[in-house]
Amino acid sequence: MFPDLHVTTGIIGSVVCFLLYAAPILTFRRVIKKGSVEEYSCIPYILTLFSSLTYTWYGLPVVSSGWENWTLSGISSLGVLFESTFISIYIWFAPREKKKLVMMMVSPILIIFGMAVFFSIFSFHTHQMRKVFVGSIGLVASILMYGSPLVAVKQVIRTKSVEFMPFYLSLFSFLTSLLWLLYGLLGKDPFLTAPSFIGCLMGILQLVVYCIYSKCKEAPKTNPDIEQADELKVVTSQDNTKGQKP
């Protein structure tokens, strides 16, 4: 029964993780519609790509023993597809400076992943050693991924607006972390448990910040020059009215 619970948790976690990966579709629909990335950051998608690549490889029989982590590998490979698409759209609509920044971040991630695959195949010859090596890289990648929304949290606090931190993205991030935490505990896998625990904390932080600042309504900004011009028009109008009286 215990292995069945482990697999069932992995399947449920995969479903919720799919919703997490699909959540930015609405964001990029807006990007395509407006033809601009506005104030959105690409960092969370780049780090999620890194994590997805690593755990896709981690879950394959080359690293894990058999298909014990097939649910993890399957949903992570889908994550690679989603994140690659989002990053491509971002690059297409981003200004030149942001395009360069994104390419400078994506390139080393792909190089590191390629080196991880190479060394795990040719330098380590047991599943346990490969799991420790790839899992350590995945641990770092996941912590960076779960920490990346802090960029959005900082922006929310600065602007007092949750416009660029979607609620569903924060919610699914928390639920995904919670389920993979349970999956890691059932499978006694520290390389899943540790980053998922941090992900839970980050998810709670995002939800709390969202609840606080979603109630804040920023006062509409006015241009002082326009206000002065309007006042001048009112004064002039009053003087003309007085001049017309007998």
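Yeah, the Cβs are placed from backbone N, Cα and C, and that goes for glycine too.
Database features (TrEMBL):
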TRANSMEM  6-28  transmembrane segment
TRANSMEM  40-58  transmembrane segment
TRANSMEM  70-93  transmembrane segment
TRANSMEM  105-126  transmembrane segment
TRANSMEM  132-153  transmembrane segment
TRANSMEM  165-186  transmembrane segment
TRANSMEM  192-213  transmembrane segment
Does the transmembrane segment (70-93) reach the transmembrane segment (6-28), going by 3 or more CB pairs under 8 Å (6 or more apart in sequence)? yes
So which of 40-58, 105-126, 165-186, 192-213 has the most C-beta pairs under 8 Å when paired with the transmembrane segment (6-28)? 165-186
Sequence-remote contacts (6 or more beyond its ends) of the transmembrane segment (165-186), Cβ cut-off under 8 Å? 2, 5-6, 9-10, 12-13, 16-17, 19-20, 23-24, 26-27, 71-72, 146, 149, 152-153, 155-156, 192-194, 196-200, 202-204, 206-207, 209-210, 214
Apart from its near flanks, which chain residues at least 6 from the ends of the transmembrane segment (132-153) lie with a Cβ under 8 angstroms of it? 41, 43-44, 47-48, 50-51, 54-55, 57-58, 63, 112, 116, 119-120, 124, 164-165, 169-170, 173, 177, 189-191, 194-196, 198-199, 202-203, 205-206, 209
Contact set of the transmembrane segment (105-126) with the rest of its chain, CB cutoff 8 A exclusive, min separation 6+ beyond the ends, reads 42-43, 46, 49-50, 53-54, 57, 62-63, 87, 133-134, 137
